[in-house]
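So that you can see what the record holds, here are the features copied from Swiss-Prot:
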- D22, D66, D191: Mg(2+) 3 binding site (BINDING)
- D22, S36, D66: Mg(2+) 4 binding site (BINDING)
- T37, D38, D111: Mg(2+) 1 binding site (BINDING)
- D38, D66: Mg(2+) 2 binding site (BINDING)
- D45, Y282: substrate binding site (BINDING)
- G110, D111, R136, S193: ATP binding site (BINDING)
- D194: Mg(2+) 5 binding site (BINDING)
Amino acid sequence: MDDRDLLEIIRPVCGSDTCSDDCAILTLPCGALVTSTDMLHERSDFPAGMTGWQIGWMSVAVTISDIAAMGAEPLQIVLAIGLDTEERLAEIVLGAQACCDTYGAVYAGGDLDAHSELTIVSTGVGIIRDGEPVRRGGAKPGDIICVTGTLGRAILGLTGDSRFWKDLCEPQPRVREGTVARLAGAHAMMDISDGLAISLYDIAAESHVGMEISSGRIPLPPEADVQVALEAALYGGGDFELLFFISEEKMKNLTIPVTQIGRVSEGLKITMDGMELPKKGYLHHW
């Protein structure tokens, strides 16, 4: 089983409406708060060679990326850190603070404990002051499928290409882009940290639609081998870019550079270049 299978155990308890997005939502009279939490382990999430500062940065960035995917502004981060050795703490919290400072969030402490493996749980709160969050369930047939940035960089760094090592270790959440997409009228959005393919399937499942994308339109690093980079972009994960869906009419409202990779279709099939796209991505398995 993988983490998406296990989510089906949680849905009946919490309710599908609260378990279907990058963040949980608390509606306010004048906007909304969004919250997300992420658990990272050294063996599975922090590659050998990462500095403590980069570990702290990444631990915060993954949560801020979830907040960005709702079109929200990050407010506050708390970290629960299970330390394997106390000497690592100072560098980790400096990296965490740097990421918070970069994206306008407050690092507000958290919890400390001893642990045999370095484990960090990051919890974040974001706010939308002027509207509603963008969820995963709003994609409509005819919508244009858009992504920010270039994809595949993180896995290229993980597999030995030093040109992309920083992309892997110091992800840059797309907070501004998420807000712009929300204000432009995006119908659905999520981050693609688990890979583009599985993210398309996640949106399709919540929106009850199909999708048609073109491999030639997926933005890849020009300096990398095309096929290797395409595989990394589709299935590798680690790219904290945004995937969103917007009508052709509302595309003119966007003030950020994005790439159009396809369209939403009727039915439930997802295809790339006319062939069914494998449902694969970065998953935790039990």
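Here the Cβ of each residue, glycine as well, is placed from N, Cα and C on the backbone.
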Candidates S36, D45, R136, S193 (binding-site residues) - the one closest to D66 (Mg(2+) 3 binding site) by CA: S36
Which of D45, D111, D191, all binding-site residues, has a Cβ with the fewest other Cβ atoms inside 10 Å: D111
Distance from S36 (Mg(2+) 4 binding site) back to D111 (Mg(2+) 1 binding site), taken between C-alpha atoms, in Å: 17
Additional residues surrounding Mg(2+) 1, by Cβ distance to the T37, D38, D111 centre under 8 Å: M39, T63, V78, L79, A80, G110, I120, V121, S122, T123
Euclidean distance between Cα atoms of D45 (substrate binding site) and D38 (Mg(2+) 1 binding site), Å: 11
The one of S36, T37, S193 whose CB sees the fewest other CB atoms within 10 Å, among these binding-site residues: T37
Winner by Cβ contact number (other Cβ atoms within 10 Å) across the binding-site residues D22, D38, D66, D194: D66
For R136 (ATP binding site), the number of other Cβ atoms found within 10 Å of its own Cβ: 23
8 Å Cβ shell about D22, S36, D66 centroid, Mg(2+) 4 site members excluded: D21, C23, V34, D38, T63, S65, I67, A69, M70, G124, D191
